[in-house]
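Colleague: Quick paste of what Swiss-Prot says about this protein:
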type	residues	note
BINDING	L139, G140, Q141, G142, Q143, F144, G145, T146, T147, K162	ATP binding site
BINDING	D483, D485, S487, T489, E494	Ca(2+) 2 binding site
BINDING	D553, D555, D557, R559, E564	Ca(2+) 4 binding site
DOMAIN	133-391	domain 'Protein kinase'
DOMAIN	506-541	domain 'EF-hand 3'
LIPID	G2	N-myristoyl glycine
REGION	397-427	region 'Autoinhibitory domain'
Amino acid sequence: MGNTCVGPSISKNGFFQSVSTVLWKARQDGDDALPGANGAPDGGGQGRLPAPPPPTSDAPLAVQNKPPEHVKIVSTTDTASAEQDASKSSAGSDSGEAARPRPRVPPVKRVSSAGLLVGSVLKRKTESLKDKYSLGRKLGQGQFGTTYLCVERATGKEFACKSILKRKLVTDDDVEDVRREIQIMYHLAGHPNVISIRGAYEDAVAVHLVMELCAGGELFDRIVQKGHYTERKAAELARVIVGVVEVCHSMGVMHRDLKPENFLFADQTEEAALKTIDFGLSIFFRPGQVFTDVVGSPYYVAPEVLKKKYGQEADVWSAGVIIYILLCGVPPFWAENEQGIFEEVLHGRLDFQSEPWPSISEGAKDLVRRMLVRDPKKRLTAHEVLRHPWVQVGGLAPDKPLDSAVLSRMKQFSAMNKLKKMALRVIAENLSEDEIAGLKEMFKMIDTDNSGQITFEELKVGLKKVGANLQESEIYALMQAADVDNSGTIDYGEFIAATLHMNKIEREDHLFAAFQYFDKDGSGYITADELQLACEEFGLGDVQLEEMIREVDEDNDGRIDYNEFVAMMQKPTMGLPAKKSGGLQNSFSIGFREALRMS
């Protein structure tokens, strides 16, 4: 199962300025009373939760790392409940984005047997996974499952195993999505640039997909690592990417989530094949069939998808965006938040004037223009793209190096600044009871099953209670922004971090306490080793530590001091030049507070 049309890595810290003053004003008018812990309106009918008293300077920083009045739900597993994130996994799944938005007709139909009966998802009895494979270390984590290294007992050969917890498959659609993903992987099996599936297994706890192990790293990482990059190489990669799209379309499959994170190299060798992974959002289609559900990832989503009327042409648009990035290092349509990105996708102009475009061949620019035509009827098909002179073997793509700035931009674009989100989580977990009393009540109000985890459905209902009229894709984006560990749910600590008022984040004692959390040895600096340890504690594996440090390290000494740390917390989204001014107001927590109609 894949990502929804939600937060890109570099825009997660700036979100939804559009749901702001209007929502708060409506709350002031008292139209929607916010329920308290027992479901009744709080605050004497004013519709507000009790405001936390102002913090005192000597307030203890008691760690709040458990949900309030946590009631453990009986579960058949302690296995992690998130699907593989492509940027961290060697077999690949999506980048840590939330479950895909698709319209639901209330009430939601529950699949009561999915987490209890063997064969309830695959509809057949399978061999035991553990009889054939031994599971090793975790490779990656996403919304619905976790990917592990697994070794075939009979041969000792290594594979990747994506385990999807059945208790996460809440609706009939969720179950059908898993079945379809498996069917599509088998349907496309044998293509050299599509990840191969070894087998599917099911037990009472999870569905397990054993697939080819892709240990060669992500597309952009390999390019940056090599350091030498030419337009001809970009054309070669474009040929592979569009070739996969053509094969999918010829076999009646639309991928619907093409992005660089979903392309991994099979191994570390120079001649390693580039593989397409993660078919969680893919779907079978017939010629002329029209789809309406909004899925994908913001930078790569086609305009007709946002308009909820699209076909297979949307994949060509996504491939065109990837080629644009391969040539210049940044996406063609971007903004500081998801809403802005969607506006740019719908109405923005392609930039061929900024560097390095003046030095890029006219053939490359012609191809990109024709792939990024907003009218899908006028857009090139995948087959037509492969016939374009710039893409063809021995074609027009020159063998001259691209500007070195392309590599640095690409590296910035592909690396998430996870440090800031981890720091916000640390601050949230070190607030006193008084400081978060109101937020605790709000968490209890939304977490209706007292599981200690807010699901998408619970968040949707909670937002409706407070009068926030958001689209499903917007709610998924809020989930994405708050879900630091990519588990597909928002736990107590993540919720507090996402709803903190800026005056708490700016307090010196909170910033210093967060800095000390990362500065394990008390040296006054956060080193790469300390950052690696923190990432492991947060369940974030295979992150680009050097790039995370480089984004913050102003004096280029390879480590982060306290002043640099504070500056990071006060800056808007990193990675691309800011299109809008702003400081802490651009934090991802603002979008959550506004949606919940908080001050």
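Count begins at 1; order follows the chain as displayed.
From the backbone N, Cα and C atoms, a Cβ is placed for every residue, glycine too.
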Colleague: Please report the distance from the Cα of D555 (Ca(2+) 4 binding site) to the Cα of G145 (ATP binding site), rounded to the nearest angstrom.
Modeller: 40
Colleague: Within the domain 'EF-hand 3' (506-541), count helix residues (DSSP H, G, I), strand residues (E, B) and coil residues, in that order.
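Modeller: The breakdown for the domain 'EF-hand 3' (506-541) reads 22 helix, 2 strand, 12 coil.
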Colleague: So around the Ca(2+) 4 site, D553, D555, D557, R559, E564 aside, which residues have their CB within 8 A of the centroid of those CB atoms?
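Modeller: Other same-chain residues with Cβ inside the cutoff are Y525, I549, V552, E554, N556, G558, I560, D561.
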Colleague: From the Cα of E564 (Ca(2+) 4 binding site) across to the Cα of E494 (Ca(2+) 2 binding site), what is the distance in angstrom?
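Modeller: Their Cα atoms are separated by 24 Å.
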Colleague: Write down the Cα-Cα distance for S487 (Ca(2+) 2 binding site) and L139 (ATP binding site), rounded and given in Å.
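Modeller: L139 (ATP binding site) to S487 (Ca(2+) 2 binding site), Cα-Cα distance: 14 Å.
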Colleague: Quick one: of the binding-site residues G145, T147, D483, S487, T489, which has its CA closest to the CA of E564 (Ca(2+) 4 binding site)?
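Modeller: Closest by Cα distance to E564 (Ca(2+) 4 binding site) among the binding-site residues G145, T147, D483, S487, T489: D483.
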Colleague: Measuring Cα to Cα, how many Å separate D483 (Ca(2+) 2 binding site) from G145 (ATP binding site)?
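Modeller: That comes out at 14 Å between the alpha carbons.
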Colleague: In which DSSP state, out of helix, strand and coil, do we find E564 (Ca(2+) 4 binding site)?
Modeller: helix
Colleague: With H, G and I counted as helix, E and B as strand and the rest as coil, say where DSSP puts D557 (Ca(2+) 4 binding site).
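Modeller: Reduced to three states, the DSSP call for D557 (Ca(2+) 4 binding site) is coil.
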Colleague: So, in DSSP terms, is E494 (Ca(2+) 2 binding site) helix, strand, or coil?
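Modeller: It is helical.
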Colleague: Ranked by the number of other Cβ atoms within 10 Å of their own Cβ, which of the binding-site residues T147, S487, T489 ranks first?
Modeller: T147
Colleague: What kind of secondary structure is G145 (ATP binding site) part of, going by DSSP in three states?
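Modeller: In the DSSP reduction, G145 (ATP binding site) maps to strand.
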Colleague: With Cβ-Cβ distance below 8 Å and at least 6 positions apart along the chain, what are the contacts of D553 (Ca(2+) 4 binding site)? List them in sequence order.
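Modeller: Spatial neighbours, sequence-distant, of D553 (Ca(2+) 4 binding site): R559, I560, E564.
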Colleague: By CA-CA distance, flag whichever of G145, T147, D557 among the binding-site residues is nearest to T489 (Ca(2+) 2 binding site).
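Modeller: Nearest in space to T489 (Ca(2+) 2 binding site), counting only the binding-site residues, is G145.
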